[in-house]
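Working notes, beginning with the structure itself.
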Amino acid sequence: MIIPFHKKFISFFQIVLVVLLLCRSINCDSRHVFIRTELSFIKNNVPCIRDMFFIYKRELYNICLDDLKGEEDETHIYVQKKVKDSWITLNDLFKETDLTGRPHIFAYVDVEEIIILLCEDEEFSNRKKDMTCHRFYSNDGKEYNNSEITISDYILKDKLLSSYVSLPLKIENREYFLICGVSPYKFKDDNKKDDILCMASHDKGETWGTKIVIKYDNYKLGVQYFFLRPYISKNDLSFHFYVGDNINNVKNVNFIECTHEKDLEFVCSNRDFLKDNKVLQDVSTLNDEYIVSYGNDNNFAECYIFFNNENSILIKPEKYGNTTAGCYGGTFVKIDENRTLFIYSSSQGIYNIHTIYYANYE
């Protein structure tokens with residue numbers, strides 16, 4: 001069942017009533033309903049080439065990477081906060097480091113604090129034994145304490161890393177931050193079974209020496225893997241990554257679920273979210289049910305949000321001014337078990353935000 005919404009101002013309760021009555025009338029198989037409420041626009045004067053959104057103390061933040069090449073050829077990593085209909089820049093973290101080039105960014109958000117790591121980015125084949133990182137700590141989202149740390153790279157020496165925002169993962173009553181990587185490609189089986197690995201910190205990112213073993217038997221030879229990101233929800237671990245001939249020719253987008261086997265070991269297997277003529281964008285959960293976003297493979301003026309693989313919303317991005325609207329980089333930002341934001345860039349400097357509510361009907 002596809003439920004299209006194109007109006008900007010519809011009350012939450014009106015939508016709930018319509019959806020519940022509709023589902024009753026057609027005898028929906030699923031007992032779960034999700035709906036989209038008001039659409040809002042946010043403007044950004046900074047040309048971000050990468051956005052990393054998160055919720056902290058009930059407010060929306062963005063880590064913006066500005067690395068456009070120009071006369072100055074400078075890199076900026078801004079921490080921004082949503083204030084009304086704009087992103088307000090609070091801090092430029094990169095200028096407080098001695099790093100060169102575009103770094104890896106790993107952000108960890110807990111109830112009371114934000115911890116952001118900026119780590120030097122070298123090609124995995126040229127990576128040094130140790131990796132220099134700057135650890136930024138904040139308990140208000142505005143001011144950040146900076147300390148330089150060194151991470152021994154023996155665990156992830158041959159792994160390709162990608163930037164992401166994550167929650168802590170609790171294993172046997174201890175919380176860990178994870179940095180995870182994937183073998184970018186293999187031409188022959190080396191029987192190591194370490195194609196995906198994570199190193200972990202139990203002291204909020206100050207030291208990194210714990211190895212998390214990820215057992216994944218569906219790694220294929222002769223293809224490239226990239227953009228690996230862990231998903232942590234209610235202490236369940238999953239991964240999202242891309243598979244293709246090369247980074248510009250994506251053949252598939254994989255999502256794998258992991259089960260804690262013993263100690264610091266997990267067993268992971270594929271979860272099939274692939275749909276014909278649709279490109280998987282992002283995955284999250286609401287009340288233990290998956291919510292998945294897709295772009296239209298042939299027309300990014302449309303994107304879809306599926307809940308429980310049954311009900312879906314069709315989103316046609318609304319124009320802001322005279323710009324051409326699209327649905328690019330769709331990302332879920334979970335508020336709680338009943339609400340999530342769906343954020344995408346509709347045009348340069350313009351972000352569309354949809355609020356999605358979870359509801360039950362009897």
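Note that Cβ sites are derived from N, Cα and C of the backbone, with glycine treated the same way.
Pulled from Swiss-Prot:
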type	residues	note
SIGNAL	1-28	signal peptide
DISULFID	CYS48-CYS64	disulfide bond
DISULFID	CYS119-CYS133	disulfide bond
CARBOHYD	ASN145	N-linked glycosylation site
DISULFID	CYS180-CYS198	disulfide bond
DISULFID	CYS258-CYS268	disulfide bond
DISULFID	CYS303-CYS327	disulfide bond
CARBOHYD	ASN322	N-linked glycosylation site
CARBOHYD	ASN338	N-linked glycosylation site
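Its Cβ placed at the centre, CYS258 (disulfide bond) has 21 other Cβ atoms within 10 Å. Distances between the Cα of ASN145 (N-linked glycosylation site) and those of the disulfide-bonded residues CYS64, CYS119, CYS133, CYS327 are shortest for CYS133.
A separation of roughly 27 Å, to the nearest angstrom, links the Cα atoms of CYS64 (disulfide bond) and ASN338 (N-linked glycosylation site).
Taking a C-beta cut-off of under 8 Å and a sequence gap of six or more, CYS198 (disulfide bond) has these contacts in its own chain: LEU178, ILE179, CYS180, GLY181, LYS211, ILE212, ILE214, PRO230.
Of all the Cβ atoms in the protein chains shown, 24 others lie within 10 Å of the Cβ of CYS303 (disulfide bond). Non-local contacts of CYS119 (disulfide bond) by the CB criterion (under 8 A, 6+ apart in sequence, same chain) comprise PRO103, HIS104, PHE106, MET131, THR132, CYS133, HIS134, ILE151, LEU161. In space, CYS48 is the closest of the recorded positions CYS48, CYS258, CYS268, ASN338 to CYS327 (disulfide bond), judged by Cα positions.
Between CYS303 (disulfide bond) and CYS268 (disulfide bond), the C-alpha separation comes to 28 Å. Cα to Cα, CYS48 (disulfide bond) and CYS258 (disulfide bond) are separated by 32 Å.
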